[in-house]
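> Pasting a structure below so you can have a look.
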Amino acid sequence: MQNRFIDCINQLPKPLVDELIPLLGDEFSGHITAKQLSRLIKASQLDEQALLLALLPVAAAFSSPGISQFFVGAIAKASSGDIYMGANLELPGEALFHSVHAEQSAISHAWLCGETRILDIVVNFSPCGHCRQFINELVDGSHIKIHLPGQESAPLSHYLPYAFGPKDLNVTEPLLSKNDIEFAIESNDPLIIEALNQTGLSYAPYTACHAAVVLETYDGATFSGRYAENAAFNPSMQPMQMALSNLIRHNKSYSDIKRAVLVESSKGQISLVGAAMDALHSVAAIELEHIVVEPSL
Ligand code: THU
Ligand code: ZN
């Protein structure tokens, strides 16, 4: 199989390409550390913002837009200095609301890697209303800077004036806040334990339906997705979508999926099992293992 970044680096300046090539192996999943970033800045002689804009075609190479053929790439820069790429994902044959936007993919990438604050979001098309609302759920969301090709950088509050957000529903610990709830289960199945741990890190202030999905591939690798709710409800990111987007970023195919586990809290007002099954079954004919857990007191 041809390396998926071959085409997207064609247009980039040669000194940048030379420094990038060693990073862009088949296993590259869109995470560039602060140290690697400063090496890219030095080699390319671009300032950080110009470099991040130049890297957007690399982020867009993670896109899987089977319906629209519209390739969106996004990069989230976290307070650690690391950057996280993401791209849109469309599920074949399923309702459009199952889609993952590039901004959501990049933000969830940073969150799954333990980041607690995002400072900048760089994206190759203007963020849609749904993404503006999704970004507004994050810690200090209104101050996150949005960078677009050919546009002045501006904070989210410029793109989403008169915003509705978590505070309107009395939620004071927004998405990305460090928050770990303990859940208990009697199992020594590593996949289930991983899903249980991810469930504790999920964000469900509106329904208490803490939940996570972990997918295992035939080579033994695992890919998790946590549930991330939104004050406006509909832009919430489902754990199956987050896990599938994670898997695709890691250069796996849907046919590599061997097991899929959804863990959710018994205390939620809703269940994500129907939504998770619909999403999973659009790409893999395997059973969804569904486990309900109790918060440990
Ligand atoms: N899309 C994004 O990824 N981000 C945006 O904010 C604009 C739209 C994606 C969603 C869908 O996969 C395709 O672009 C067409 O809307
Ligand atoms: Zn969007």
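Count begins at 1; order follows the chain as displayed.
Here the Cβ of each residue, glycine as well, is placed from N, Cα and C on the backbone.
Annotations per TrEMBL:
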type: ACT_SITE; residues: Glu103; note: active site, proton donor
type: BINDING; residues: Asn88, Leu89, Glu90; note: substrate binding site
type: BINDING; residues: His101, Cys128, Cys131; note: Zn(2+) binding site
type: DOMAIN; residues: 47-167; note: domain 'CMP/dCMP-type deaminase'
type: DOMAIN; residues: 186-297; note: domain 'CMP/dCMP-type deaminase'
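Could you place these features in context, so I can see how deep they sit and what lies close by?
Within the same chain, the residues at least 6 positions away from Glu103 (active site, proton donor) whose Cβ sits under 8 Å from its Cβ are Ala74, Ala76, Gly86, Ile121, Val123, Pro127, Cys131, Phe134, Ile135, listed in sequence order.
According to its DSSP assignment, Glu90 (substrate binding site) is coil. The Cβ of Glu90 (substrate binding site) has 19 neighbouring Cβ atoms from other residues within 10 Å, across all protein chains displayed.
Cβ environment of Cys128 (Zn(2+) binding site): His101 lie under 8 Å away, each six or more residues apart in the same chain. In the three-state DSSP reading, Cys128 (Zn(2+) binding site) counts as coil.
In terms of DSSP helix, strand and coil, the domain 'CMP/dCMP-type deaminase' (47-167) has 42 helix, 26 strand, 53 coil.
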> Can you name every residue in this chain, apart from Asn88, Leu89, Glu90, with its Cβ inside 8 Å of the center of the Cβ atoms of the recorded substrate site?
Ser63, Ser64, Pro65, Gly66, Ser68, Val72, Ala87, Leu91, Ser99, Val100, His101, Ala102, Ser245
> For ligand 2, pick out the binding-site residues Asn88, Leu89, Glu90 that have a CB under 6 angstroms away from one of its atoms.
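Near ligand 2: none of them.
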